[in-house]
Amino acid sequence: MGIQGLAKLIADVAPSAIRENDIKSYFGRKVAIDASMSIYQFLIAVRQGGDVLQNEEGETTSHLMGMFYRTIRMMENGIKPVYVFDGKPPQLKSGELAKRSERRAEAEKQLQQAQAAGAEQEVEKFTKRLVKVTKQHNDECKHLLSLMGIPYLDAPSEAEASCAALVKAGKVYAAATEDMDCLTFGSPVLMRHLTASEAKKLPIQEFHLSRILQELGLNQEQFVDLCILLGSDYCESIRGIGPKRAVDLIQKHKSIEEIVRRLDPNKYPVPENWLHKEAHQLFLEPEVLDPESVELKWSEPNEEELIKFMCGEKQFSEERIRSGVKRLSKSRQGSTQGRLDDFFKVTGSLSSAKRKEPEPKGSTKKKAKTGAAGKFKRGK
């Protein structure tokens, strides 16, 4: 879910914090991508006649086709992607995960009813609601990435939190995900729609945290409290407080504690056993990989092993996969050129958003497990 309504709120009250770019604008940029979010998009979008792609054994292959071709497209445009996979979800997320299970069970019932009624559009809608990224999907995508020479990392917990840590450390330019809570975790730059389908023709949206805070007149801790009021994955929000009201309250009272003291409890009842303090702490001090322990490396694709996996096991067209590998190899030769703004510091524009910010005190960092294409060095 991320943060409810945050993207629209920023567009309404801090529009200068957003800019839209074509994918070509990111030539030479390293980007940390929320892998689970991307795989979910591929499972939803890469379909044939409304159904996911499958091989003869009935195994789903939509995620592999999506990962293969979208990654090649990024590389062809000079982007150097590193995929970050989710680790163990924080305990605070258990309530949200339980709600998702309930919604899936309800969607399953509605799907059966739609199938019985022969309502094709309803069947497609509820089928997509049942899409879930599994361990097998993740493992197969990791294997594919390693054969493509693309680095990936295993986060100890939430992928978007570790993506944010990589941006703050200057290891990558931006975090790419549809989950807006990447900003709540402190990512200086967030990119949306990077892995969206080309057919949708969505421009890439770039959100700059420093400009958001400046426009709202908030610091990061106050912004975190605003996000909690809007609604997050980690605790309930106060019913009856909409986005604009939440902004007004935070700007006036500066913290959730002070807001609660001044609210009419009959009109705005606070959730029972409200875990807003724990959620606040989680956003400011998440369990993340240690960016200094990570050395990112993009290497030459292993063509024959890719053919063995994608064509032999997953039954994709050999001609198409070999063509994709050629495109990938060619893109590597062109992406070695750097960006001019990596050498010259430009000030006073969105593109000069801070590349590095200090970690909050007590931030829990762990060394991430790394794929074959990503190597470790000792932390500084």
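In case you wondered, yes, glycine gets a Cβ from its N, Cα and C as well.
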Per Swiss-Prot, the symmetric dimethylarginine among R104, R320, R327, R339 is R104
Annotated companion of D179, D181 at the Mg(2+) 2 site, Swiss-Prot, chosen from D233, D248, D264 = D233
According to Swiss-Prot, which stretch among 291-299, 336-344 corresponds to the feature region 'Interaction with PCNA'?
-> 336-344
Listed by Swiss-Prot with D34, E158, E160 as binding Mg(2+) 1, from among D86, D225, D290, is D86
From R100, R322, R355, the one Swiss-Prot labels symmetric dimethylarginine | R100
Recorded positions near R192 (symmetric dimethylarginine) (Cα-Cα within 10 Å), from K80, D86, D179 | D179
Note the Cβ centroid of D34, D86, E158, E160, the recorded Mg(2+) 1 site, then list each other residue of that chain whose Cβ lies within 8 Å of it, in sequence.
-> S36, M37, V84, A155, A159, A161, S162, C163, T177, D179, C182
If you measure between the CA atoms of S293 (phosphoserine) and E160 (Mg(2+) 1 binding site) and round to the nearest Å, you get 18
Average model confidence [pLDDT] within the region 'Interaction with PCNA' (336-344) | 54
Return the member of R19, D34, D86, S255 nearest to R70 (DNA binding site) in space, with distance defined Cα to Cα and candidates limited to these recorded positions.
-> D34
Distance [Cα-Cα, Å, rounded] between K80 (N6-acetyllysine) and D34 (Mg(2+) 1 binding site) | 14
